[in-house]
Every structure is written in C-alpha cells, then in structure tokens.
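Undergrad: I have a structure I would like to understand better, so I am pasting it below and will then ask my questions one at a time.
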C-alpha cells in the first residue's frame, strides 16, 4: 500500500510537470516567433548562428508540446511503451536545449559581428531600396542611434549627400532634419553597439531559460522512470 501511495504521488507530480511542459512549450514558441520577428527587422540574413537560434527554439517548443501529450497519454493509460517513448524523447529535448544554451553563449559575440556586417552592407542600399530604408529608419529611431559605429558612417556612403544623415537620426524627427544637420540635434551613438548589445543580452537570457527548463525536464524524466518501473512491477497506480 505504501508503494502504491508513493506511486500515486509520483503520478500526480508527473501530471503537474506535464502541464508545466505544455506551458514551457507555448512559451518557447512565443519567444522563438518573437525573436524571429526581431531578427527579421534587424537585417540579420542567411543561415547564421544568430538567425538559426529562433528556428531551433520554435522547433524545440513544438516537439516539447507533442512529447508532453505523449507523456500525458502514457500516464493516463499507464502504458509502458508510451512512457518509455516519453522519457527517451524528453531526454533528447533536454540535450538539444543544453546544446542550444551552450551555442547561444559561444556565439554571443558572433551575433554582434553578423549584425555589424549586415548593417554596414544595408547602409549602402539605403538610398536605393525603400524597404531597407524603412527598416534602418525604424531601428535608428527606436534605439536612438545613428550609423554603424557612429553618425559619421553615413558620410562614407557614396550615394548619400554630403553633410546629411537619415532623418531617423534626429533627436526630434521631422522631414528634412537630417540635411545640413547640427551635431547636437542628432543621435551620435552607433546602432551596432546599441542593438548588437541588446541582441547578445537576449541570446543569453534565452540560453539561461533553456537551462532552467532542462532542469525541470530532468525531474520529468526521473518521475517517468519511476512510473515505468511501477508499471513493470505490476502495481496499480490508479
């Protein structure tokens, strides 16, 4: 009876963890989608460590939700095969999350390097491409910055007029405020340092969250293994 009572407690805790996994899965998907939207607005393009991280987060979130569903079915029916499958796949998810967390830490400086290269490349296209101009203007206005390293970077763009910066560099944005500008009226700090630092910080936050979720998943694996052992022993946990 004591064993059966203990296993009922384990089963209840497993249900609680499964609900937590579902919540974490939804959270991961939301964070991944949000990060992807942010990166799409900061012109980080191509299959780079920075741009692939949101995709990995979304994939892990979807997979975690499916695995939690399998675990719920296995716990309800006390099905040995389903619980084994749940434990194995949860272990795989945990390994992916730990790997993603490590990758996020290792490539935190790479994210800034990618952003710097892309930002300078797109500055060249600013006068030629309205879509690029719109993205750069939004970034400069939102982060209160101007140019890559500083506002003088705009002077190096051949197609830009002399003594001119985009209007989005102005402290108080008005039409034509960037023409023959006064240095006191524009943001002097570069966008690479401001936005790149923000990106690195958020990569580390996501990495820390992944490690936290992985710790909870360890508990899920332990409880699942306990339930599997109980099922094999023939105890009634209902």
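Using N, Cα and C of the backbone, Cβ positions are placed for all residues, glycine too.
Quick paste of what Swiss-Prot says about this protein:
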TOPO_DOM  2-11  topological domain 'Cytoplasmic'
TRANSMEM  12-32  transmembrane segment
TOPO_DOM  33-51  topological domain 'Extracellular'
TRANSMEM  52-72  transmembrane segment
TOPO_DOM  73-81  topological domain 'Cytoplasmic'
TRANSMEM  82-102  transmembrane segment
TOPO_DOM  103-203  topological domain 'Extracellular'
TRANSMEM  204-224  transmembrane segment
TOPO_DOM  225-238  topological domain 'Cytoplasmic'
MOTIF     234-238  motif 'Lysosomal targeting motif'
Undergrad: So if I exclude everything within five residues of the ends of the transmembrane segment (52-72), which remaining residues of that chain have a CB under 8 angstroms from its CBs? That is, six or more out.
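TA: That would be 14-15, 18, 21-22, 24-29, 31-33, 35-36, 39, 82-83, 85-86, 89-90, 93, 96-97, 100, 103-104, 203, 206, 210, 220, 224.
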Undergrad: Under an 8 Å Cβ to Cβ limit, what residues of the same chain, 6 or more beyond the ends of the transmembrane segment (12-32), are close to it?
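TA: For the transmembrane segment (12-32), the nonlocal Cβ contacts are 54-58, 60-62, 64-65, 67-68, 71-72, 75, 206, 209, 213, 216-217, 219-220, 223-224, 227.
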Undergrad: Can you name the far-off residues of the same chain, 6+ from the ends of the topological domain 'Cytoplasmic' (73-81), with a Cβ under 8 Å from a Cβ of it?
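TA: Contacts of the topological domain 'Cytoplasmic' (73-81) (Cβ under 8 Å, skipping residues fewer than 6 from its ends): 11, 14-15, 18, 224, 227-228, 231-232, 237-238.
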Undergrad: Across the motif 'Lysosomal targeting motif' (234-238), what does the mean pLDDT come to, as a whole number?
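TA: Value for the motif 'Lysosomal targeting motif' (234-238), mean pLDDT as a whole number: 50.
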